[in-house]
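Below is one structure, written out as structure tokens, with a few remarks after it.
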Amino acid sequence: LPGNRSAVPGAMVMDKPTAYADASTYNNFYEFGTDKADPARNAGKLQTRPWTVAIEGEVKKPGVLDLEALLKLAPMEERIYRLRCVEGWSMVIPWVGFSLAELVRKVEPTGNAKYVEFVTLADPKQMPMVGSRVLDWPYVEGLRMDEAMHPLAMLAFGMYGEVLPNQNGAPVRLVVPWKYGFKSAKSIVKIRFTDRQPGTAWNKAAQQEYGFFSNVNPEVDHPRWSQATERRIGEDGLFAKKRPTLMFNGYGPQVASLYAGMDLRKFF
Amino acid sequence: MNLAAVNRVLLHPAAKPLLWLLCLVPLAGWIWGGFHGSLGANPAETILRGTGSWTLRFLCIVLVVTPLRQWTGLNALARWRRLLGLYVFFYSVLHFLAYAWLDMGFDPAAVVKDLARRPFALVGFLAFVLLVPLAATSFNRAIKAMGAARWQRLHRLVYAIALLGLLHFFWMRASKHRYDEVLVYAVVIGGLLGVRLWRRLQAAPSPRAAPVARNAQPSRVTGS
């Protein structure tokens with residue numbers, strides 16, 4: 001899946017990309033198992049064609065978009081983003097896709113649309129863990145409207161110049177590089193525009209631990225993991241000191257203005 | 001094989017060195033994996049979790065020894081308890097080292113700050129600290145110097161350590177709602193502590209039937 005170099009400011013970080021083998025075998029995709037190696041083992045059965053994405057809620061043009069139509073919605077761009085997991089590790093991944101804003105503009109949200117909700121596939125026939133009580137399925141994520149419209153928030157269809165491997169969220173996923181990885185919902189089947197903040201999967205599971213915003217923030221710790229530092233997968237040696245985590249994962253110059261005046265300790 | 005034969009095998013001079021080597025297999029696995037690059041995408045995490053899991057496993061194993069000995073009459077098992085207990089300590093040292101070195105960059109200030117901020121880590125650290133006096137009094141002279149009764153009372157700390165270790169593990173898994181493995185350890189540890197409590201309650205009402213007399217053992221192995 002080819003893409004042109006993105007011209008969006010901040011979209012091409014200079015960090016060395018993570019090895020494809022690591023990025024495609026060390027995954028959190030709980031529908032396929034809770035171990036990091038499970039998704040690569042179990043996601044092979046996922047049927048990614050035919051695939052549709054329903055557009056619902058506060059929009060002038062609701063409907064069902066076929067994946068083929070979605071792929072043609074805007075020119076494909078390659079973007080090299082840092083990915084910071086809430087567990088304290090990070091990767092650098094060259095994604096292929098386009099700004100989520102392209103889709104949002106096409107479906108014309110009404111004045112009532114304040115948030116965007118992303119609903120992902122929850123099919124027990126294809127996903128062994130759906131039905132377990134690990135999370136309240138389907139996995140739901142959400143963004144505030146201005147976050148969704150930010151050019152760095154992207155819909156990705158590929159990585160490393162290829163179509164997304166199933167375990168990485170095929171056929172279409174969200175990538176929001178300044179937030180912890182779990183905000184970037186995988187295998188999306190529905191995008192809903194709402195006037196109310198969506199109940200997101202991890203927020204519902206543990207409110208004190210996972211906030212709605214979940215911006216990468218070295219100042220606000222998770223009870224289990226210090227967020228001050230991170231280990232870059234495949235690059236930082238076993239005995240290397242962990243590298244400091246950057247506010248907004250280093251995307252502060254582009255996104256900090258979205259949160260001007262907000263207490264980010266409260267709205268974590 | 002009858003009981004005496006099994007006891008004889010357990011008492012074979014080679015049995016203890018063999019067990020000693022067997023207990024080093026997990027460590028050998030990480031070293032081998034480190035050199036062959038087979039510890040996965042995040043080797044530090046593999047080692048940190050592995051050392052933690054093996055500490056908990058050795059805790060379960062060492063807690064099995066006394067009930068198993070009492071239940072089967074395989075008294076030779078008592079000879080293995082100290083070795084297994086020291087391996088609990090050994091793997092907990094590796095676990096703490098993995099945390100302090102791989103995660104905290106061997107920076108004492110960072111460790112202190114981190115422990116203060118994360119109760120989950122603090123609970124694990126507390127369990128580790130409580131293991132130190134047990135390891136330090138594991139040789140015969142310490143037992144003699146302390147007296148069997150006092151030594152035994154001190155070593156009952158292992159029950160608290162097991163519960164703290166379990167809480168530490170539960171707390172880690174709670175963040176991702178993965179309780180299946182925690183439940184297995186909880187059942188095992190709960191069962192092993194429950195057996196002891198039950199025996200104690202059974203023994204308590206009648207002072208005449210003191211269990212100590214019936215299971216008379218050299219002083220250093222009577223603690224259960």
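Sequential numbering from 1, following the chain as shown.
Backbone N, Cα and C define each Cβ position, glycine as well.
Just so you know, TrEMBL annotations never went through curation; they're auto-generated.
Keep in mind the model is a prediction, meaning the values are calculated, not measured.
Look at TrEMBL and you will find B:18-35, B:55-72, B:84-102, B:122-142, B:154-170, B:182-198 tagged as transmembrane segment. Marked as domain 'Ferric oxidoreductase' by TrEMBL: B:52-165.
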Quiz item: Over the domain 'Ferric oxidoreductase' (B:52-165), what is the model's mean pLDDT?
Solution: 95
Self-check item: Proximity of the transmembrane segment (B:55-72) to the transmembrane segment (B:154-170), 3+ C-beta pairs under 8 angstroms
Solution: yes
Quiz item: Which bits of the chain, at least 6 residues beyond where the transmembrane segment (B:84-102) starts or stops, bring a Cβ under 8 A of a Cβ in it?
Solution: 19, 23, 26-27, 44, 47-48, 51-52, 54-55, 58-59, 61-62, 65, 111, 121, 124-125, 127-128, 131-132, 134-135, 138, 158
Quiz item: Can you count helix, strand and coil residues in the domain 'Ferric oxidoreductase' (B:52-165) using DSSP?
Solution: 102 helix, 0 strand, 12 coil
Exercise. May I ask for the residues of the chain that lie six or more residues beyond the transmembrane segment (B:182-198) and have a Cβ under 8 Å from a Cβ within it?
Key: 56, 59-60, 63-64, 66-67, 159, 162-163, 166, 169-170, 173, 224
